[in-house]
Structure formats: structure tokens, C-alpha cells
Amino acid sequence: MLRAGIWILALAAFLALPHGLSFSQQEILVFLVINILLVASYRLLTLTGEWSLGHVVIMGVGAYASALYTKELGIAVPLSMLLGGLTAALVAVVLSFPLFRMKGFYFLIGSFAAGEIIRLLWKRFREPFGGAKGIKGIDPMPDFSVGFYRFDFFEPVSYYYFAGIVVGVCLWVLWRIEKSPVGLTFHAVHWQDKLAEASGVNLRAYRTLAFAIASGFAGISGALLAHYVGTINPNSFDVEVMVFVLTWAIVGGTATFYGPILGCIALTVLNEIVLRELGFEQMRPLIYGAILIASILFLPDGLESLVQKLLRRKAAPAKERVAE
Amino acid sequence: MTTFLEIRDLTMRFGGLMAVDHLSFTVEHGQIHGLIGPNGAGKTTTFNMISGFYKPTSGQVLLRGEDISGLKTHEVARRGVVRTFQHSTLFAELTVLENALVGTHMPFRPNIFAAIVGWDKEDRIGAEARAREALEFFGLDHLAGERAGDLSHGHQRALGMAVAYASHPDVVLLDEPFTGMNPEETRRMMGLMRNLRDSGITILLVEHDMQAIMGLCDTITCMSFGKFLAEGGPKEIRNHPAVIEAYLGGARHVA
């Protein structure tokens, strides 16, 4: 009952949020929704204990793939987004062969190198990737109407709703995976790979599976981005964006599903709204860095630890009541 | 009839060091089989080869006649040979129940698509029932919700065995299960192992605690410097001159 109420409230907030915001803030909202999927998919990869620096490039793979499928093959946009995600997952499976010979820090560096290679390929090959200038004039999502609401994709609000629904479904899938025995196995692979192996877990297969799923959803978020902004180039997916993703994940904390999402929302609001309004335009990277350091020093378990503390404080009296 | 588990000419060489040198012995089904020897005799190396952690330099491990040497650990596990670890190797961050659930990975193989759609209800119920059964077997059911890292040492060792037991093994390899236990815990653990054997599981264990080994094992294989030394029941081994010499240090071995 309470849970249903919370969901209805969240839905109402989701619907009402863009109204009353300025046009540029509505655009930021669209990016925020896309980034939430990006960072949530990143968390799935971190479940197995591996941190990648190539996640944003994989997102770019989805963006490029989806853009090219519509442009070159004339596939309808929603379908091409899905195919973009699949392509990203496939690329991840191929990459897993060299990358999963490494672990930990080496995997981190290896994934960075792999990402840079992909970015160089985009730059090098003008056909079909468009070289350094990238792809322009990507087909937008075609307008459609669902009776009570008309999606007009020149309006950020419409795209926000559309992306919100797509991201919502993706998050639900990610959530289901994490709470399933498969998710438990990911945890097992992370905490004690030897014991997991002795219990019959195929380590390589599960590492690859997590990498492929995370990459697939990153690819979908990239496709959402590509068909919104209409132009992508190799620099849209460089390591600077990756640092943002890492910062969201670290500031939010990765122990819970909502941690990275929380980090993403908090930092986006801070970055785009507060700092922009205050006129700190030039100093924003500096402040971002400072926040990262401060959160590692003073909030090592991330923003999620604050929420957990709050929930525990609420849960404790409830338990006592049951005891009485 | 083929032998149940046969170690044949197993050899492991680390550079110039012969850690295990043409070791052969057989394990009968339904027995508790001990593997003993002084420090550095190559017991753990032998274990690691049987369970697939190391690929032997030469020789074979035959399970019901099938050569399983050189297979990966999870492939060996899927053939029914499951090991536990020295010290308390557990998923410390997970709960006790979740630890046991990881153990049910083989009988209830997770399927990601079924998990997303929600068609794996029966499997999840089955897995949880099996996990709880394993916890109950080792007297841990009352701790199901605790974090595994918070358990006492004795309970952690028992949980390590419960994780192995949950996977329906044919053979359990126990690597020094009594290390760091007080006599009371050791006694309880010995009882658990007898229960395990009586439920049809073959046990191969490496151990230093002689009292436990002698009181528990049906057959004991003693090795020294990587080589087979002697085999027999507890009584024979206790009085075997070569074994006594290996442990107490006969003149020939003093280098």
C-alpha cells in the first residue's frame, strides 16, 4: 500500500518535473535521464568487481551503430536503438576475449586502451563513421501519438517522456537481473572468485555476461543520445565523459542499485543548475574534482550511505513496535 | 567395476622443485580418506591438482574412469568433485543464506531470461530449500540472516562445508578443516563429517590434527616430499615405521 503510494508519487513527479523549467533545463533533464541509464548499467559491471574505463566508448558504439542503421539501412529509429544496444553488447563480447585475460587495475587500463582504439577507428574511417566530424543529421525519433498525448520530438519534454519510459524499462530489467540468482552469482564472482569457481561457476562466462549486459544498456543510452542531439562525433565519448561517470558512481556509491543514480542526479543538479546559475561556468571542472575528493574523504560509502542511515533509523522503531 | 576416484602417477613440478612426484592412490566410494604428511609434503598441491586449480605436469586423476586432470575448476566441480578451502574462504559480505545459495549454482543453474521475466520461481524456491537444507545439516539455520564475515571461526568452517554440500557433490575435498579450532569445535566438526559420509558423500581431507585424522578416517594415505609413503587404516599408519620416521625425522631425511 505504502509502496504503491510511493510509486504513484514518483510517477507524478516524473510527469510534472519538466513543467515550470526553462527550455535549456528541460534539455538537461533529457541528458540526465540518459545518463542515469549509463551509470546504472555501469554499476552492473562493477558488481563483478571490474571497473572499466571504456564504458562511455561502448555507449558511443551504441550511438554510432543506431545512427548508421537508420542512415545507411533505413531501419526505423526505435528498432535501430535496440539494435544499437545489441551491437554494443556484441562488441563487448568480442572485447572480452583480450580484456578478460586481465583483472583489476590491468583490466582498467586495458579497457581504456580498447576504448581509445575504437575512438581512433571512428576518426580514421570517414566511411561510414564520418571521421573526426562524426555523423550529422541523424534521423530524429518520428513523432507519434498515443491518444491522450502527442509526442512531438522537437520538444525536449516529449523526448524526456520517451527516454524516461525507455530508461525506466531498462532499469527494471537491470534491477531484475541484480536481484536474481544471476546477480547473486555476480556478487559471488566479485567477493571470492575461487570459491565461486569451486561451486561450479564459470568465471569467464559470468564476467563476460555482466560486461555484455552493461554494454548493451550503455549502447541503448548512447542511441537515445544520438537520436536526440542529432549529431555525434568521437569527442562526444572521450575520457572526460568517462570521468563524469566514474564521479557519479563514486560520489553516489556502488553498494546499492540506487547509489550511482543518486550520484548522477545530485551532481547533475549541482553542476548544471546551481553552478551555472551562480556563474561558475569556467570553474566547474575544478569544483567537480573538489567534490570527488571531498566525497572520498568524508563520505567514502557515497551518498547512498546517508540514505541507508535514514532508512535504518526509520526501520529501527518499526521493529521495536513489532516486538511489543 | 572401475574405481571411484583414482590418482595415477600424478606429478607436479614447479621449476626445479618436484612438489608431487608420481603419486598414486585410490579413494573408495563412501569413505573418509585422509591425506597426511609433514609440512611441504605436497598435500595441498595434490588437492589443487585434483580440484583443477593446477594442471598437473603429468599423470591423471580418474573419476569413475574419466580423466578429469587438467579440466578447469568449475568443470571438475560439475562432475561432482567440490572442494573447500584452507582458512575461512567465504563470501564475507553476503549473508549465510546467500552463501549457501551460491552453492546451489550447479543443481539450480540460473537463467537470466527466465529471471527477468519471472519464470524461475520454482528454481528459486528449490534453490532456497536446498540452501536451507544444507544450513540445517550443518546446524547453521538459525544464522541464515547473518553476514558470513561476522560468524565465529567454527561456524565459518561449517558454512564453507555447507556451501560445498549445497551443490550435491559426490566427493568433497576438505583442505585442513580443523585448523584453528578448539577441541569442542573439532569434535562437533568430526560429527558433521561422519554425517556427511553417511549421507553418501565421499570425503578426501588434508589435515594436520592427528587426533582428528585417526579418529575419523577409514583410510589414510601418507606422503612425504611429494612421494607416496604408506597407506592403510588409522592403526596401521600410526605404527608404520616409515610414517613415524617422516614425522619425527629419521636420520636419512635430516639434510
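Quick reminder: no glycine exception, Cβ is built from N, Cα and C everywhere.
Per TrEMBL, the feature transmembrane segment maps to A:28-45 (among others). Sequence-distant contacts of the transmembrane segment (A:28-45) (same chain, six or more residues past either end, CB-CB distance under 8 Å): 17-18, 21, 51-52, 55-56, 59, 156, 159-160, 163-164, 166-167, 170-171, 174, 177-178, 186, 210-211, 213-218, 220-221, 224-225, 228, 244-245, 248-249, 252, 254, 257, 259-261, 263-265, 268, 272-273.
The annotation transmembrane segment is assigned in TrEMBL to A:52-69 (among others). Sequence-remote contacts of a segment are chain residues at least 6 beyond its ends whose Cβ falls under 8 Å from one of its Cβ atoms, and for the transmembrane segment (A:52-69) they are 38, 41-42, 45, 75, 77, 80-81, 83-85, 87-88, 91-92, 95, 107-109, 111-112, 114-116, 118-119, 122, 128-129, 135, 138, 211, 214-216, 218-223, 225-227, 232, 234, 236-239, 241-242, 245.
Marked as transmembrane segment by TrEMBL: A:75-97 (among others).
Here TrEMBL flags A:104-122 (among others) as transmembrane segment. Listed as Cβ neighbours of the transmembrane segment (A:104-122) (distance under 8 Å, sequence separation of 6 or more from its ends, same chain) are residues 49-58, 60-61, 64, 91, 95, 98, 129-131, 134, 233-234, 237-239, 242.
Annotated transmembrane segment per TrEMBL: A:158-175 (among others), in sequence order.
The transmembrane segment feature in TrEMBL is assigned to A:209-229 (among others). Panel annotation: around the transmembrane segment (A:209-229), residues 30-31, 34-35, 37-38, 40-42, 44-45, 47-48, 50, 52, 55-56, 58-67, 70, 77, 80-82, 84-93, 95-96, 99-100, 135, 138-141, 159, 163, 166-167, 170, 173-174, 177, 182, 186, 236-237 of the same chain, lying at least six beyond its termini, place a Cβ under 8 Å from a Cβ of the stretch.
According to TrEMBL, the transmembrane segment annotation covers A:241-274 (among others).
What TrEMBL lists as transmembrane segment is A:286-303 (among others).
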